[in-house]
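Undergrad: Can you read through this structure? Questions will come right after.
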Amino acid sequence: MLFRVDVAAAEPLADQIAAQVRGGILRGDLAPGDRLPAARELADVLDVNLHTVLRAYAKVRDEELIELRRGRGAVVRGDADAARLRLVELARQFVGEARRQGLGDAEMLAMVKEAQP
Amino acid sequence: MNRPRTLAAIVLIWAPLLVTVVTWMMWSDRLPARMATHWSGTGPADGYSSARVFWGAMLALGIVAGLAAIGSALRRGGAVGLRYLLGVTGALAGGVAGIWVATATATLADPADARLGWRLLWFVAGVAWGAVVVLVAGPAPATTPPPVPAVTPLDLGPTERAAYSTTLRAPLIIAVTFVAAVAIAVVAAAGPTALWPVVAVPVVALLLFGQVRVTADRRGLRLVAGLLGIPFKTIPLHHIAAVEVAEIDPLEWGGWGYRVTPGRSALVLRRGPGLVLHQTDGRRFAVTLNDPQTPAGLLTALLSRAG
């Protein structure tokens, strides 16, 4: 899969890398059991700080998409669910847009309930 | 193929034969019917044969070398290996002419007690003729790069950085290799214990090629043995002349697995799409990938960025 980051973008580099991993799982470029590049190597070739990559991997680990094991590196979890991930990604966009428009949590929940057929 | 230079090289390969023919015409009436034809070291001879038969054998070998040179020039077009095939046939043609001249002059100098002595240098000079042929043949295809279908480069902004990484697995090759290892082990256990070290061959192949990580980034292309973490093929970015996406036919690249043939090498795990790198030295490297467009686009973008 392709990792690409833009050092001039407003989005933090770690978030960009985390988004690439998510996108890879979503598109099927990364299948359960696939190993991500070693953090040190990825940091080297993208010319970013090692801790940036580690932060990105930790973020995706916290989202229960990958496992981080000493010695084995970062591996896509067997239960990493592309369908659920797609929903999470949509929710993330929804929340981001709602915040920009100044909506609070209660209003957002109300909108989600309204959206039911 | 650089035609004039290849033709000149072939003429040079036939030239020693002319020496063999002309010297026979000059010396044949002075040579004894049986002449010394074998020496151990530079002292007296220890083997004799018919002058005519010996000369005929050297002539025949020279003709074989000359025909082999023409054959390889016709068959191997512009391949990188042609220069060295011409060199080898040139060394053979020169070498047999050298043996003839050294042997005949030794006999002419003293037919009763022929000694090779310094005349061994005729043979050395003859073999060195191969180097002259290599020089004349010149570097082959670097001057005529083959047309490469253009790859759409990745739209990489000046502030963007990108890296590609994927893992290759070949379940069928893994299974076949595993079966081979077990079969050899069973045979070895049944009797010929000398076979035990042979079991290591499929096991090593499995460790090296069972899982391969392919990365393309600002360093260039790398293939790393996934189970051992050893990089076994790296092509730095500045050694890449062009990138191509192609259908890889295992028969065309020498078979399945890691293949090395003159002028090119490849990691072929199946028939199908793959990435072909044209290196600046004229060699080619191919690897089968599910999505060769992505690394091809990335490498092309990185190449144009590097300028």
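Any Cβ shown, glycine's included, is placed from N, Cα and C.
All annotation found in TrEMBL is predicted automatically rather than curated by experts.
TrEMBL feature annotations, pasted as is:
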type: DOMAIN; residues: B:17-56; note: domain 'DUF1648'
type: TRANSMEM; residues: B:7-27; note: transmembrane segment
type: TRANSMEM; residues: B:53-72; note: transmembrane segment
type: TRANSMEM; residues: B:84-108; note: transmembrane segment
type: TRANSMEM; residues: B:120-138; note: transmembrane segment
type: TRANSMEM; residues: B:170-188; note: transmembrane segment
type: TRANSMEM; residues: B:194-212; note: transmembrane segment
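Are these features on the surface or tucked inside, and what touches them?
TA: For the domain 'DUF1648' (B:17-56), the model's pLDDT averages out at 84.
Away from its own ends, the transmembrane segment (B:53-72) comes close to residues 9-10, 13-14, 16-17, 20-21, 24, 28, 35, 37, 82, 85-86, 89-90, 92-93, 96-97, 99-100, 103-104 of its chain (Cβ-Cβ under 8 Å, at least six residues beyond either end).
Beyond the transmembrane segment (B:84-108), the same-chain residues lying 6 or more positions past its ends with a Cβ under 8 Å from any Cβ of the stretch are 6, 9-10, 12-17, 19-20, 23, 27, 30-32, 35-37, 45, 51, 54-55, 58-59, 61-62, 64-66, 68-69, 72-73, 76, 114-117, 119-134, 137, 262.
Note on the transmembrane segment (B:120-138): residues 2, 5-6, 8-9, 12-13, 16, 42, 82-84, 86-99, 101-102, 105 of its chain, located 6 or more positions outside it, place their CB under 8 angstroms from a CB of the stretch.
Using a Cβ-Cβ cut-off under 8 Å and counting only residues 6 or more beyond its ends in the same chain, the transmembrane segment (B:170-188) has close neighbours at 195-196, 198-199, 202-203, 205-206, 209-210, 256-257, 269-270.
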